[in-house]
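J.: One structure follows; several queries about it will come next.
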Amino acid sequence: MNKITHYFKSLLLLELLGGLWLTLKYTFKPKYTVLYPMEKFPQSPRFRGLHALRRYPNGEERCIACKLCEAVCPALAITIDSAKREDGTRRTTRYDIDLFKCIFCGFCEESCPVDSIVETHILEYHFEKRGENIVNKPQLLAIGDRLETEIAERRAADAAFR
């Protein structure tokens, strides 16, 4: 009996008709696709995008070269070199983030004791030449300077959850 039902199912191509029915059913349902350059999904308030280094209001950079972000990075994307200044404080001389390695987990932002490194809401960026994937300290500071008001507003809104 089992062979007979298998023969009729294969003769009538029921699997093929089932697949065609499924395709026909989804043809008339609303689409969930977003046409990306013209339309965009709303971003989460906690979206983690391109990194930035912040400064204090007096213009001094916040990073104290504690290297916690470098130590906590699971992808080993952060490289920091530091040196002592004349006044005895330690500051970074090199702060590089390899965006090809970075997994945007946010551990660097959470581990920073002075809120120096933050992840912005910049989603769209590109590289034209080899080596542009490594973002250095002046570039990170420029991003932070440009977006400081937005970063401060977002961190103030999220302060209750930290």
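In case you wondered, yes, glycine gets a Cβ from its N, Cα and C as well.
Not my notes, these are from Swiss-Prot:
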BINDING   Cys63, Cys66, Cys69, Cys112  [4Fe-4S] cluster 1 binding site
BINDING   Cys73, Cys102, Cys105, Cys108  [4Fe-4S] cluster 2 binding site
DOMAIN    53-83  domain '4Fe-4S ferredoxin-type 1'
DOMAIN    93-122  domain '4Fe-4S ferredoxin-type 2'
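Would you situate these features in the structure and describe their surroundings?
T.: Mapped onto three states, the DSSP output places Cys112 ([4Fe-4S] cluster 1 binding site) in coil.
Counting only same-chain residues at least 6 apart in sequence, those with a Cβ under 8 Å from the Cβ of Cys73 ([4Fe-4S] cluster 2 binding site) are Cys102, Phe107, Cys108.
Sequence-remote contacts of a segment are chain residues at least 6 beyond its ends whose Cβ falls under 8 Å from one of its Cβ atoms, and for the domain '4Fe-4S ferredoxin-type 1' (53-83) they are 89-99, 101-103, 105, 107-118, 137, 140-141, 143-145, 148, 151.
If one looks beyond the domain '4Fe-4S ferredoxin-type 2' (93-122) by at least 6 residues along the same chain, the residues whose Cβ comes under 8 Å of a Cβ in the stretch are 43, 47-54, 61-64, 66, 68-69, 71-83, 133-137, 140, 143-144, 147, 150-151, 154-155.
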J.: Could you work out which of the binding-site residues (Cys105, Cys112) has its C-beta surrounded by the smallest number of other C-beta atoms within 10 A?
T.: Cys105
J.: Where does Cys69 ([4Fe-4S] cluster 1 binding site) sit in DSSP terms: helix, strand, or coil?
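T.: In the DSSP reduction, Cys69 ([4Fe-4S] cluster 1 binding site) maps to helix.
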J.: Taking just the CA atoms, what is the gap between Cys112 ([4Fe-4S] cluster 1 binding site) and Cys105 ([4Fe-4S] cluster 2 binding site) in Å?
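T.: Distance between the two Cα atoms comes out at 14 Å.
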J.: Among all protein chains shown, how many Cβ atoms are found within 10 Å of the Cβ of Cys102 ([4Fe-4S] cluster 2 binding site), not counting that one?
T.: 21
J.: Residues near the [4Fe-4S] cluster 2 site, Cys73, Cys102, Cys105, Cys108 excluded, by Cβ within 8 Å of the Cβ center?
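T.: What remains near the Cβ centre is Cys69, Val72, Pro74, Ala75, Ala77, Ile78, Ile97, Ile103, Phe104, Gly106, Phe107.
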